[in-house]
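> Dumping the structure here so I can ask a few things about it.
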Amino acid sequence: MTAKPPFKVIIVGGSIAGLTLAHCLSKAGIDYIVLEKRKHIAPQEGASIGILPHGGRILEQLGLFYLVEEQIEPLHTAHQYFPDGFAHTTKAPQVIYERFGLPLAFLERRRMLRALYDTLPDSSQVLVNKAVTSVEREVSDLMRVTTYDGSVYRGNLVVGADGVHSRVRAEMWRLATSQSPGVFPEHEMSAMAVEYACIFGISSSVPKLQPGEQVASFNNGRSYLTFPGKNGRVFWFLLLKLDRKYSYSNAPRFSSTDAEKRAERFADDHIWAGVNFRDLWKSKEVFSFVNLEEYLFQQWHWERIVCIGDSMHKMTPNTGQGANCAIEDAAALVNRLHRALKATPDGSSLSSGDIDDLLGEFNRARSRRVREIYQGSRMVVRLQARQNLFLKLLGRYYLPYRGEVAADAASKIIAPAEHLDFLPLATRSATGWHQFKPGQSKTLLIPFLYPVVAFSLCVLAWIGNDYLRNGVVFA
């Protein structure tokens, strides 16, 4: 009797999510292949990523976090700067480091991708220049993926780790609409929106920005984030409020000329310690100008297809959570696959019902986990761009005087994170994982918002009276 072939996962996208998933599957002994549409696994696009303790813990379980540490200057200080010249400094990054035993890390995205690729046990399982054109159901337990060059790949599960412009997501919707109408609400398929855009890049020779000290410079309708790293390099973001809210399909596209015009317009914006945006721009090595899509999809799977990472939860970069949520997605999915396959007699096959149950539970758990992170990201990008009077007051007159509110809020997000439950945890894990109890993060905003609302009502009343008397205007 011929042995049944092993369970196989087709990963579409050689992204942080996709390559982390490949590592997790490898550790679990589950077969996979990665299809990446680009010609190179780690192109230089000027992008950088933050690895927070919950993402770092999973990478450490995989034996990879040392590669991150080799590339970074750990963050220990956070500065905030406001248009009226007010500055605020905290040690929140250092506090988080001490609570969780892992630093807040910032590095080039391409270096992270290269590290993930180079350390795979068998890099021949990652194929480049393989743009997916279709995903089809073949027989009861197999899916067929076809690429632009006509190649065909078969597996038991297709995972879309192909980013915000996901082809797998589109194929999942197409198949579901034709075979199971109503599974995906029509409004959700067009709900992703764009209100912000971002010019991001890497610069060198900005000596006044010190390694390990991140800066958030608040401004009206825009904000700046800078992360000085090793060897004098600075990773930076200029986040811009657009003129209106656009749907995903109708959002404007930007060229290098558009970026040059914005850079000239905002050249005199002060960032920190005598550094203006012109100083970053004139020493740039590489940059890009992109839209910042925002949306959290509710339905992540259909039959033997599931999407993870930015294809399901796209956030702005202000909180640094995008890559970490993608890493968590990968770990959470493999935890469930590993358990399910171990429970089968042959360890190699899962019925359609098994898959549906597994993916449904994964979807529910990850949606609950990501929801507050996504909402926090939406709030922070608008807070730092001072989008309205309430957020101006909150950022300038309330939060700087709330002690460790930033570190505490981050800690309650980090602590409940999922890790690989079939691998040992690192020995350097610190007390914060237990101190900030899992399951409590969903109550975080309640005690926070009561004093915020009370404070804002008082200040609004004062501003209204003072404005009527004296015509006071706030920067």
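Each residue, glycine too, has its Cβ placed from N, Cα and C.
Keep in mind that this is a model prediction, so the values were computed, not measured.
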> Among Arg99, Arg109, Arg253, Arg378, which residue does Swiss-Prot annotate as binding FAD at the site that also has Glu36, Gly50, Asp310, Ala323?
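Swiss-Prot lists Glu36, Gly50, Asp310, Ala323 binding FAD, and from Arg99, Arg109, Arg253, Arg378 it also lists Arg109.
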> Tell me the Cβ contacts of Glu36 (FAD binding site) under 8 Å, same chain only and six or more apart in sequence, or just say none.
Gly13, Gly14, Gly18, Val126, Leu127, Val128, Asn129, Lys130
> DSSP secondary structure for Glu36 (FAD binding site), reduced to helix/strand/coil, please.
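SS state of Glu36 (FAD binding site) = coil.
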> Measure from the Cβ of Asp310 (FAD binding site) and count the other Cβ atoms within 10 Å, all protein chains considered.
25
> For Ala323 (FAD binding site), which residues of its chain lie six or more apart in sequence with Cβ-Cβ distance below 8 Å?
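Set apart from Ala323 (FAD binding site) by at least 6 residues yet with Cβ under 8 Å, we have Ile16, Ile49, Gly50, Ile51, Gly55, Met112.
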